[in-house]
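Colleague: Quick paste of what Swiss-Prot says about this protein:
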| type | residues | note |
| --- | --- | --- |
| BINDING | Unk81, His180 | heme b b562 binding site |
| BINDING | His95, His194 | heme b b566 binding site |
| BINDING | His199 | ubiquinone binding site |
| TRANSMEM | 31-51 | transmembrane segment |
| TRANSMEM | 75-96 | transmembrane segment |
| TRANSMEM | 111-131 | transmembrane segment |
| TRANSMEM | 176-196 | transmembrane segment |
Amino acid sequence: YINYKNMSHQHMLTLFNLLPVGSNISIWWNFGSMLLACLMIQTITGFFLAIHYTANIDLAFSSIVHISRDVPCGWIMQNTXAIGASMFFICIYIHIARGIYYGSYLNKEVWLSGTTLLITLMATAFFGYVLPWGQMSFWAATVITNLLTAIPYLGTTLTTWLWGGFAINDPTLTRFFALHFILPFIIISLSSAHILLLHNEGSNNPLGTNSDID
């Protein structure tokens, strides 16, 4: 008689116990996994918010109010997407700080892919912040996009192209919404590359202990 239930349980234990990670890592190594959880939450809530959002300067703010008041569980989705973005940045800054402290930047491919991820994430957050088209988000869109004019020769042309005209208007909001929607999928692709590069090289050994002691 063979107890297949116990065998499958043992295989599951073996699967988790043979992960290529030594016991010399600490709680600071959790934040990569937490970032993936944040990315999943943001993508799901963002999708449902995009269904009800209207990318029009006259209707954007009203559509946010509509999501919060009229859509079933809309206020949860809206708050989760907003607060989740803050959690995303808290996790990524701790993740980076751990990398700097323990010398993870020596793994150049992983570090450069992570830097690209951070820049893409900051751009995504900016485009998302602008979407309600309230007083603060309109001001932020004006001030931050105007920074492009500081680029020699190309600055004014780039700003006009991003605005979709000579001032911030309806085409600007439409472009920002399109960019905010597509960038998370680019982040997912970059995250996959980041993880593959890490697993190709392996994590560092901060305490210099024998990784086979387990």
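Placement of Cβ uses the backbone N, Cα and C atoms for every residue, glycine included.
Distances, neighbours, how buried they are, the whole picture for these features please.
Modeller: Long-range Cβ contacts of Unk81 (heme b b562 binding site) within its own chain (separation 6+, distance under 8 Å): Gln42, Thr45, Gly46, Leu49, Gly128.
In this view, His95 (heme b b566 binding site) is surrounded by 20 other Cβ atoms within 10 Å of its Cβ, with every protein chain counted.
Every protein chain considered, the tally of other Cβ atoms within 10 Å of the Cβ of His199 (ubiquinone binding site) stands at 11. DSSP assigns His199 (ubiquinone binding site) to a helix.
Tertiary neighbourhood of the transmembrane segment (31-51): same-chain residues 67, 77-78, 80-81, 84-85, 87-88, 91-92, 94-95, 98, 177, 180-181, 184, 187-188, 191, selected by CB-CB distance under 8 Å and a gap of 6+ residues from either end.
Here the transmembrane segment (75-96) has Cβ contacts under 8 Å with residues 28, 31-32, 34-35, 38-39, 41-42, 45-46, 48-49, 64, 67-69, 114, 118, 121, 125, 128 of the same chain, all six or more residues outside its ends.
A Cβ distance under 8 Å defines the sequence-distant neighbours of the transmembrane segment (111-131), meaning residues of its chain 6+ beyond its ends; these are 53, 55, 60, 64, 81, 85, 88-89, 92, 96, 99, 104-105, 137-138, 140-141, 144, 173, 176-177, 179-180, 183-184, 186-187, 190-191, 193-194, 197.
Distant neighbours of the transmembrane segment (176-196): 35-36, 39, 42-43, 46, 50, 53, 55, 110, 113-114, 116-117, 120-121, 123-124, 127-128, 130-131, 141; these residues of the same chain sit at least 6 beyond its ends, with a Cβ under 8 Å from one of its Cβ atoms.
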Colleague: Are there any residues at least 6 positions away along the chain from His180 (heme b b562 binding site) with a Cβ closer than 8 Å to its Cβ? List them or say none.
Modeller: Gly46, Thr124, Phe127, Gly128, Leu131
Colleague: Around His194 (heme b b566 binding site), which residues of its chain at least 6 apart sit with Cβ under 8 Å of its Cβ?
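Modeller: Counting only residues 6 or more apart in sequence, the Cβ neighbours of His194 (heme b b566 binding site) under 8 Å are Val110, Ser113, Gly114, Leu117.
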Colleague: How far is it from His199 (ubiquinone binding site) to His95 (heme b b566 binding site), counting Cα to Cα, in Å?
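Modeller: A Cα-Cα distance of 17 Å.
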